[in-house]
């Protein structure tokens, strides 16, 4: 009896889940750091225009998985990625894939706000500029403005675009980083614990922003906060010790998880 | 849940034993501070002694005794179309002779030896630079020769028997006469900076050495800076980490410690021997110094590249910057202040390097400053070496003065390095 109601509830709450396109798909993804294996055969589908939260205790492999999705692990010499990850059906680890293009399509926001030590304007304009997305200054100005607006930062910084990005508060810096990611019009935005360095008010703003961005972007967020995962995501994947324990609609995961470990973790019994 | 019980330990923090223990720990703190202060006092003391002795022996070289005389060139028979060919020796001697009435013929030799032997050339060159002097009475100053300069500076003991000093009694008499007439003065010795080397201490200056050092450092910078940075970027950002690159790294670190004389021999064999480049020129000097500066720059650059937080690198790569863009747009500009600081300190080291320059012949006797990197010249440290080797008293003071000038340049360069660091370096 339960199973049926669950499905019904899930369908009702997330009408797109089953039908929506799969934007990214990980199949048997394994990652080794040198001798140490960090991920074991992870299979996870990321639906388009939804927020997918990756949760799990520290060292469970959720950030590792996230960094596989735009090949940021390439920058770590000892990291080896196995299995298969696709973006719109294309294997992103195919040697023919251009990493620069991939990272433009799959943007990333990091745990610690990391604006460039340049002006706010330059921070946002950098991506469009290197990718040649605009033809002139006016267009670039427009991209900067719309990106900052989308990141809900415009009203706070519009009068001081030439001031250094590092002079902003932590929450503003993180929204600047989001604006910087948005400026290259990515399809997917990866967020690695974007609020862990922020106070509750700044966190609320970023969460609100994530919710708005969902309309246009596919978002994958790693978080340590159960509440955050519950608040912002439509789907949740639980990692533990390098394995994907369980994944599904967020509401189900938080109310009636299949796996005992998930239940223990979200109720705060470990982790 | 098993209940864990801890035995109740009561610590009496106020006991004598505890108090004594804390006292010992504080004493250890104080001792360490005192040792540190003693060490600094030693260092400062030695520095003070060094600067003190140099200043004490060198300060006299910053003034030069000159004799001033009037000369009415309109009365002298000078062919205006051939100013160069006039009898300057006779003209200048005539003017000097007037300073001492009734100069006996027998003393003429001793009298004229009191002034620099190039007096006539100094006057001639001054007139050629400013032909207006030909039209009337003008005042000219020429340096006293070194023995008399020493006498003027109180460096000659008049009680020494005449045969054992370089100034004769007769010359002392003349000196007193000139001095009483107010013809002798001791102005600042600009010649020290604007003259080149000379056999006569009173005319010797550092212009050649300073410009030689400048050209050599310029060559050194132009070679070592780009190559050093390129090598560092490759090793740090692109090279795979394997045994071979480890070996390269060890070798670079070792190169930084190779004695400079070895680099000099290398330069002698390769640049002069194989490439057949000319001897004694700043180009070769700069190339040899570049070999020495290169490891320093590579090490500093690598260290400063690593010190840029990885978050910046990730930020750039994360929005799709290529590796080159991440390096040249973000990482390198951020590490530039440190690289510049390291480079300047490396160049300061190169400025003071003597041995390699001796081996490639930059200790030649050259009386005009080089006009470029392919003209033979000396450099500051080698000029010091040459002067330190010269017996004249004037060169003793000039050696110290030259060392002070060299130290001055080093302080200037290090000050620039500190300024750059304070001004531009960002802390993470």
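Glycine too: its Cβ is placed from the backbone N, Cα and C atoms.
As recorded in TrEMBL:
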- B:210-417: domain 'ABC transmembrane type-1' (DOMAIN)
- B:32-56: transmembrane segment (TRANSMEM)
- B:214-235: transmembrane segment (TRANSMEM)
- B:255-277: transmembrane segment (TRANSMEM)
- B:283-305: transmembrane segment (TRANSMEM)
- B:326-348: transmembrane segment (TRANSMEM)
- B:401-420: transmembrane segment (TRANSMEM)
Interface-richest range of B:214-235, B:283-305, B:401-420 toward the transmembrane segment (B:255-277), CB pairs under 8 Å: B:283-305
Cβ contacts under 8 Å made by the transmembrane segment (B:214-235) with residues that lie 6+ beyond its boundaries: 245, 248-249, 252, 282-283, 285-287, 289-290, 293-294, 296-299, 301-302, 305, 327, 332, 339, 343, 346-347, 350-351, 357, 362, 370, 372-373, 377, 379
Positions on the same chain near the transmembrane segment (B:326-348), where near means CB under 8 A and six or more residues out: 217, 220-221, 224-225, 228-229, 233, 237, 293, 296-297, 299-301, 303-305, 307-308, 312-313, 315-317, 409-410, 413-414, 416-418, 420-421, 423-426
